[in-house]
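Asker: Okay, here's the structure, questions in a sec.
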Amino acid sequence: MPDISHTPTRSWLFTPAIRPERFIKAVESAADISIIDLEDSVAPNDKAQARKIAMQFLSSRPNSSLKIALRINGMNTHAGIEDLHMLLECRFFPDYIILPKTESAAHLQIVDSLIMMAGSDTRLIGIIESVVGLNAVESIADATPRLCGLMFGAADMAADIGATPAWEPLALARARIVAACAMKGLLAIDAPFFDIGDFSGLKEETLQALSFGFSAKSAIHPAQISVINAAFTPTTAEINHARAVLTENAKGVGIVSGMMIDAAVARQARRLLARAGIFS
């Protein structure tokens, strides 16, 4: 299984599996990961058809270097079992399987066992979007080596606790997810910004996600990708500052731009330069 847990990503773009005419736009967008969605964006009566469309796309991927994720339905639903059966029967696996409503390590371990028997190196992403899942987030993060990240589901989490889906009421949930991911070296992927016409709001929320420790953000429209990618891509000034920090830190405790430099600041600088090596 390839070790991609530490491979940086910035943007994960959802596309409804029932809308194949949008797949090429998603593929041609600058999104780091294109997600074919079988869950929330597909009506119950369309699940079977969406499943067939997704399988056809996976069996004839236009670009083998493109990273594709498939969000299946929840493990506690008939549709989710059918999704897994389809994958195991046809054996055309995406790079990632995204498991919604992940509420225990067992949810991921069941999928892991099935994928392992099929001989696939597909990685797993769990979505934390309920109080039950949040309460178990640390054990979920430690569920299986196949897990490479956790995604936050803000809308469902807000509904679960009776809060508005704004940043402040969900700050604690986000912080717990980021901390659990940091503990296990997983990708931390923030929820989508749902107002597709508000690019100013998208930029503000994406920068908040970055400041919270998220390594990427999901999106629901190709037009959101450039804003997300820009926020998660270090600027030239940030890169130069990080280099100066490491140069000064090599001499011991020092000062850069009026700020005291210690080991913690140097760690942040190394993390930024690691991202810059991928995206800049």
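Yeah, the Cβs are placed from backbone N, Cα and C, and that goes for glycine too.
Pulled from TrEMBL, these are the listed features:
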| type | residues | note |
| --- | --- | --- |
| BINDING | Arg71, Glu129 | substrate binding site |
| BINDING | Glu129, Asp156 | Mg(2+) binding site |
| DOMAIN | 10-222 | domain 'HpcH/HpaI aldolase/citrate lyase' |
Asker: Ten-angstrom check, please: count other Cβ atoms within 10 Å of the Cβ of Asp156 (Mg(2+) binding site), all chains counted.
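Answerer: The answer is 19.
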Asker: Take the C-alpha atoms of Asp156 (Mg(2+) binding site) and Glu129 (substrate binding site) and report the distance between them in angstrom, rounded.
Answerer: 5
Asker: Below 8 Å Cβ to Cβ and six or more residues apart, same chain only. Which residues does that give for Glu129 (substrate binding site)?
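Answerer: Once residues fewer than 6 apart are set aside, Glu129 (substrate binding site) is near Pro100, Lys101, Phe152, Gly153, Ala154, Ala155, Asp156, Met157, Asp160.
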Asker: Provide the number of Cβ atoms within 10 Å of the Cβ of Arg71 (substrate binding site), excluding the reference atom itself.
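Answerer: Summing over all protein chains shown, Arg71 (substrate binding site) has 28 other Cβ atoms within 10 Å.
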Asker: Reduce the DSSP letter at Asp156 (Mg(2+) binding site) to three states and note it down.
Answerer: helix
